[in-house]
Amino acid sequence: MPEEVHHGEEEVETFAFQAEIAQLMSLIINTFYSNKEIFLRELISNASDALDKIRYESLTDPSKLDSGKELKIDIIPNPQERTLTLVDTGIGMTKADLINNLGTIAKSGTKAFMEALQAGADISMIGQFGVGFYSAYLVAEKVVVITKHNDDEQYAWESSAGGSFTVRADHGEPIGRGTKVILHLKEDQTEYLEERRVKEVVKKHSQFIGYPITLYLEKEREKEISDDEAEEEKGEKEEEDKEDEEKPKIEDVGSDEEDDSGKDKKKKTKKIKEKYIDQEELNKTKPIWTRNPDDITQEEYGEFYKSLTNDWEDHLAVKHFSVEGQLEFRALLFIPRRAPFDLFENKKKKNNIKLYVRRVFIMDSCDELIPEYLNFIRGVVDSEDLPLNISREMLQQSKILKVIRKNIVKKCLELFSELAEDKENYKKFYEAFSKNLKLGIHEDSTNRRRLSELLRYHTSQSGDEMTSLSEYVSRMKETQKSIYYITGESKEQVANSAFVERVRKRGFEVVYMTEPIDEYCVQQLKEFDGKSLVSVTKEGLELPEDEEEKKKMEESKAKFENLCKLMKEILDKKVEKVTISNRLVSSPCCIVTSTYGWTANMERIMKAQALRDNSTMGYMMAKKHLEINPDHPIVETLRQKAEADKNDKAVKDLVVLLFETALLSSGFSLEDPQTHSNRIYRMIKLGLGIDEDEVTAEEPSAAVPDEIPPLEGDEDASRMEEVD
């Protein structure tokens, strides 16, 4: 591994770095690259660009490769010399290239890079020892570049970043064609000489470069030899290393012993340590996304997915596509089988898509690449148009990235729709990622319609299976104009709710929404397929009815008008109004909310927020509406009791009790559960015939608060029984 630069009598020329170059170095180191390890990415990227260039030239002139057919990149750490060397067999540089590219012709950084791109410049040459090269000084105190172009002699460039660099003809080891970059590492950067660290950085940043990257390491192994051979070994050691890099010559030693066993059975052997050069290719996983999807097997996709994500399970679905035209990029997207446990954690990185530019890894946490609701998608996007040295700030402004994002979202939705045709797999997908789809409906107005087609819910007619809104619409009655839904905590709770009684009795299907995120979802999803979504827990529920039903409703309103007024007076500010219900069958009453207020379920969710905004709570927890069932015996008897004596204290007590019970059954919480409990206990006492005045010794007399109106005597008790 000769890395020394031979100084002959040749002329050494010294050049000053241009001031702009010094500024550029400062800009690169301080602005774009906070982590030092990217120097390796930049140098490998430069090597890859140089290899691209010679490969391109060889297409029209195969003789260009006479100086070296193999296109490769070698990495050679040398702990003794504290150097890290990268060798490529790319196009190399002439003396003029070396002087111009590495120091005397300034580039004004990113701006020039973007302008050159828009002007149609050869993208691979811009990266070649342009901006990225200087990142070598993050880890190196001195850099030596030895290069050989087919059209020129071999030259060496050297600089310790002190404002100047030298160039001279190099008469050291001929490199054929290409470039050798020798980094003399700073004392505190020797980690980049370690096998583990180099492998880690290459895997992270340059795993999918299109040329083999080989790591050369000097290692030791034990070798068994006889005493007689020990002396010979010393002399032959270097030759053997070259002839046999991978295998020790133990078999040869063994056969010698067998040959000599007749002469000297007691010949001794001993183990010595020999040094050898170990070669390991670091990027065996080739960029699968650059291949034709028709040529790739599911097993290959599976292997790539596991190497990309470190997942132990296979992926659920895959989408492999390329976009060409004004913009060119390829993408490979995977849906995992299960959601990660921290899918919605704030501190977690926002997405799992790795962004590459021409097979060079740029970043894996680009927020602009995919919307947050699709953050479970894993994969890679490889752009041909973005500049290699792009920063996060530039990505936010990039029009190219906006187009890429739009295409990714479109392809993800296509993938979900394809998956929906396979019921078994879609069920697994929906269990894991339904929250993401609903979040998408809340956030992504452009794709809301397509996302709504992917939703699945239990309904009053679907049994144990979930159904889509499209299937619901196909089953709607001719007279039905709306999609009816109810939100709540569980399927059992909403199925037995008072709100769905009449709707179900009339044969209309009700969608059961039982996840907290459904509340946010339906705030944005006002209609589906031209049918409005109507909550059965809010005021203004209109069911299709014939003339007879309308007439009956009008009669009920007139008959119970006085009771409604009385109940409103008793409940006062607790309710906004009391009305006759068209939604109840077996329940005496229920609490509904205003059309734009929160449902009981939403109120429960918001109260559970640790960082809730109490000012919002005030007006969104809208006044409640009490609806009473005119066909229920409790309500009818209460009407008769009120007609007889509207000042009857028992009527007041029963109205409050009905209201509080309706609050609970409608999914609300009580502001004062203790008062409600005491009211119930008194009813129990009445039912058991216990005298109100009998207070046990243990029972504190203050147990019944003053504000609860006392129930009347036995006469009222008998009336209570009538109600029962």
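Every residue, even glycine, has its Cβ placed from backbone N, Cα and C.
Keep in mind the model is a prediction, meaning the values are calculated, not measured.
Here Swiss-Prot flags 2-527 as region 'Interaction with TP53', drawing on similarity to another entry.
The region 'Interaction with AHSA1' annotation in Swiss-Prot covers 215-552.
The feature N6-succinyllysine is assigned by Swiss-Prot to LYS219 (among others). LYS219 (N6-succinyllysine) has a Cβ environment of 10 other Cβ atoms inside 10 Å.
According to Swiss-Prot, the phosphoserine annotation covers SER255 (among others).
When other Cβ atoms within 10 Å of the Cβ of THR297 (phosphothreonine) are tallied across all protein chains shown, the result is 8. Feature annotation from Swiss-Prot assigns phosphothreonine to THR297 (among others); the stated evidence is similarity to another entry.
Swiss-Prot lists TYR301 (among others) with the feature phosphotyrosine, giving similarity to another entry as the kind of evidence. Using a 10 Å radius centred on the Cβ of TYR301 (phosphotyrosine) and all shown protein chains, the other Cβ atoms total 18.
The N6-acetyllysine annotation in Swiss-Prot covers LYS435 (among others). LYS435 (N6-acetyllysine) carries a helical DSSP state (H, G or I).
If you look up Swiss-Prot, you'll see SER445 (among others) marked as phosphoserine, on the strength of similarity to another entry. Around the Cβ of SER445 (phosphoserine), 9 further Cβ atoms fall within 10 Å across all displayed protein chains.
Annotation source Swiss-Prot lists N6-acetyllysine at LYS481 (among others), citing similarity to another entry. Every protein chain shown contributes to the tally, and the Cβ of LYS481 (N6-acetyllysine) ends up with 14 other Cβ atoms within 10 Å.
What Swiss-Prot lists as N6-succinyllysine is LYS531 (among others), and the listing cites a large-scale study or a structure entry. Around the Cβ of LYS531 (N6-succinyllysine), the number of neighbouring Cβ atoms within 10 Å comes to 15.
Sequence annotations record features per position, and here Swiss-Prot assigns N6-methylated lysine to LYS574 (among others). Note: LYS574 (N6-methylated lysine) has non-local neighbours LYS624, PHE659, i.e. same-chain residues 6+ apart with C-beta under 8 A of its own C-beta.
Long-range Cβ neighbours of LYS577 (N6-succinyllysine) (same chain, at least 6 residues apart, Cβ-Cβ under 8 Å): CYS564, LYS568, HIS625, LEU626. Residues or ranges marked as N6-succinyllysine by Swiss-Prot on the basis of a large-scale study or a structure entry: LYS577 (among others).
DSSP assigns LYS624 (N6-acetyllysine) to a strand in the three-state reduction. Summarising the annotation, Swiss-Prot assigns N6-acetyllysine to LYS624 (among others) and lists a large-scale study or a structure entry as the type of evidence.
As annotated by Swiss-Prot, phosphoserine applies to SER718 (among others).
Look at Swiss-Prot and you will find 720-724 tagged as motif 'TPR repeat-binding'.
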Modified residues (LYS435, LYS624), the one with most neighbouring Cβ atoms at 10 Å: LYS624
Out of the modified residues LYS219, THR297, TYR301, LYS481, LYS531, give me the one sitting nearest to LYS435 (N6-acetyllysine) by CA distance. LYS531
Coarse DSSP state, helix versus strand versus coil, of TYR301 (phosphotyrosine): helix
When DSSP states are folded down to helix, strand and coil, where does LYS219 (N6-succinyllysine) land? strand
